[in-house]
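A.B. asks: Have a look at this one before I ask anything.
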C-alpha cells in the first residue's frame, strides 16, 4: 500500500482578474522505501505539488480539487491545527538551499531539540541524545561537539545534512525533498544523494524528490513523474520513462540534457517549450559591422598566455604583518588559450575558476604572474587608453542573468552603452541599427530593445547579455557559468547560440562551468582546477577518456550516470 | 571580541576628542569669555588680570589640554547665569531627564514591539491597518503639539494628570532624586513620557513590521513551519530574533536622541531636566553649559553605540567568530 496517494490534484491561485491554475489533474503515489522523482522545468508546478502535500501553499493558493491521502487518511481537508501535527511528525521536508534554510541565530542543537520536543514526548536530555544520534546518522563527524555549533560553522554540504536530520527528527513516513542538491557542488551532491538513498532504505521512508536535474532522477529514483505546465505528462518507472520516453515533451527534454559520454555538434532544440530563437533577419557577417572585427593584429602564438598567476586576498587585516591572514584563491596557475578555441575551466566552488576570469578581464589585479593577451602583457599596462583597447577585445557573460543587467535601463540602452563608450560607431542612427541587428542576431528580435530586462525570462536575459558582450566586437569571450541558472531546454538553446556565434565570428572562448557534461559539449581543451591550483590541462576527449590527475578521475566518477537516458533525437558529432 | 571592543573604544575616544575640540572652540572663540563674565564697568586692567588668571593668554594647545583634563574630572567651568559650577547644575538636572527618557524608551519598546510583530504577521487585518494609521499620526505630528493636546485632554478637561513638573520627588543617596516612589511623581511621568516616546514607538513599530515581513519570507521560517513547529516558536524564537539587529541599531540611536533632545518635551511640561536648562542656556548665551551639554550628548551617543555594538555580538553568533 502506498504511503502517499495524490488523486486528481488541482491547485489554483486566485488573482484579482483571473485564476491561475498551477497544477491540474496530477495523480501520484509513493511507496514506503521508494523514491519518486518529480521532474520538470521552472514553472511546471512541481514545487507546488510538494507544498500542497505538506499544507504550505503560498497565499492565496488553494487546493481546488482532488485529494491527498497519507496512509489512506485524507490530509488536505484537515484543519490547520492538525496539519501542523502532520508536518514534521508524518511528513518531513528538505529545501533547496542549505545556506538559508537554517535559522542563523540558533544552534543546531536548539533547532533539533525544539523540533523533537514539539513532536515527541521526550525530556530535554532525551531529546538531546536523540539529536546527537540523528546528527551521527546523517554522517556528521564529532556529533556531540558539532551539535552545539551554529549553522554558519558548517559547510554547505554539512548544512544540508543538518537539514536532513531536522526533516527526520520525528521519524516521518514521508520525506519531500525540493531540489535537495541544486545548490551543492558535484562531489557534495553525490554524497547527499547517497545519504538520501541510504536513509530511505534503512528507515523505510517514502521519499518524493522534486528536481529539474535529470541526472539526480536517473541516479536515485525508482519512479518518475514528468510535469509540464502544471500537468503530468508522463509517469512510470524511472528506467522506463528515461529509456523509452513516450510523450514528445519528455523526449525533447531528455535529448536536451547535455551528457558527458557523447559529444554532439548542436543540441536538439526543444521546440515544444519555447520558440527557438532563430534570427529574424539574416545578416551577412562578412559585410556587417559585427563582422568587421578582423582589425586585430594576428598573433603567432596563443591568444591568451597565463603564467604563474597568483591571487591572494587578505582575509583578516592587522597592523602587524605576521597576524594578517591570507587566502590564496589562485596559486601559480599557467595555461595558454589558442586563437579560435573554446577553453574550458572546470572545478567546484572555491576552486578559483571565476577569480581567473576576473583577473583576465581586469576586475582584479593579480598578486603575481603575467597575463599576455595577443602578445601584450596586460599586467604591465598603465596607459588608460591601452587598457581600454584591451578590455574592448574581451567581454564577459555572467552566471546570473537577473543581477547582471541593470533593471532600470532599457535593453537597447544596455546594448548601446559599450558601443558608445568605446566609440565604435560614427552616429547615433548607426548605433541604433547595430543594436537592432544584434538583438535580431541573438534571436530576440529588434522590438525587444524597447523593453526592460524584467520583461524577459532567464534564457532571454542571457541572450541580452550575449548581445551586450558582442557589442564591442570582442575577440575573446569569457563565459562564467552562463547556463547554470537556466533550465535544460533553455540551456541547450543558449549553448547552441554560443557555438553558432563562435563559428561565425571566429571568437575565442573561455568557458567556466562546474558541469562536466556541459564542458564536454562546448570545449576543445579543458583545465581542471581544485583549491586554486591547476590539476591538469588536456584535450577534451583525452580528459574524459583517460584522465591523468586523481582529482579529475574523482570528478568524472561523481557525475550522475546518464546511461539510462534515451539516445533518440541525438546526432553525435 | 576583546580586540573588537578595544578597537571600538579607541574609535570612541577619537570621536570624543573631536567633540571636545568643538566644545572648546565654542567656549573660547564664540564671543570673548571675559566679556561674558564681567560687568560693563570693569576696567581694562581688571579684565587683563582675569584673562591672565583664567589662562586665556596661554597658547591654544595648552588651553585645550587644560579643557580636556578639567572635563575628564567633570569640571566644565562656571555658568555665566547661575554663577555655579556647571557640573553641579547638571548633577541636579540629570536624574529628571534620565528617568523621563528611561520611561519613554520603555514605553516605546513595550508598546512598539508587540504592535510591530502583530502588524508584520497579520498584514491584511483591520487592526494592523489601524496601527499603521495611528503610527502615521505619531510620526507626522510635532512633539509640542502632541504634548499640548495631551495636556488639554488629560490635565485640563479630565483633570486626571498633572500638566507640569515632576510631582513629589524622593532623595536617594547624595544627589539622585526620583519620582518613581511617589504617586504624584509617577503620575507626572505619564504624559511627558508618552509625548517623548510616541515618535520612537511608531518608528520601532514600523521597523519591526518591515523586518518581520522580510524575515517571514525567508527559507528558514518556511522550513520551521514545515517541521511543524508551533506558531509561537516560529514567530518569536525564529522570526523576531532575526529582526532584532536593525531594531537594536535604531533603538540605540533613538535612545540617545530621547535623552539628548528631550528639550521640547521638557519645555512643554516644564520638566526640570537638562533640556530645559539647555534651552535657557541658549537664550542667555551661557556658553559653559552649552559646551558641557555638547560633550555630555556626544558621550551618551558614543557609549550607547558602543553598547549596541556589543549587543550585536550577543545576538548574532556569526559575528562572534573571527572572520577566518
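Glycine too: its Cβ is placed from the backbone N, Cα and C atoms.
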A.B. asks: According to TrEMBL, which of these ranges is transmembrane segment: B:70-95, B:174-199?
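C.D. replies: Range annotated as transmembrane segment by TrEMBL: B:174-199.
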A.B. asks: Tell me which of B:208-234, B:289-315 corresponds to the transmembrane segment entry in TrEMBL.
C.D. replies: B:289-315
A.B. asks: Thinking of Cβ pairs under 8 Å, which stretch from B:12-30, B:100-121, B:130-154, B:174-199 has the most of them with the transmembrane segment (B:244-269)?
C.D. replies: B:100-121
A.B. asks: Six or more residues beyond either end and a Cβ under 8 Å away: which residues meet both conditions relative to the transmembrane segment (B:12-30)?
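C.D. replies: Contacts with the transmembrane segment (B:12-30): 56, 60, 63-64, 67-68, 71, 77, 287-288, 290-292, 294-295, 298-299, 302-303, 305-306.
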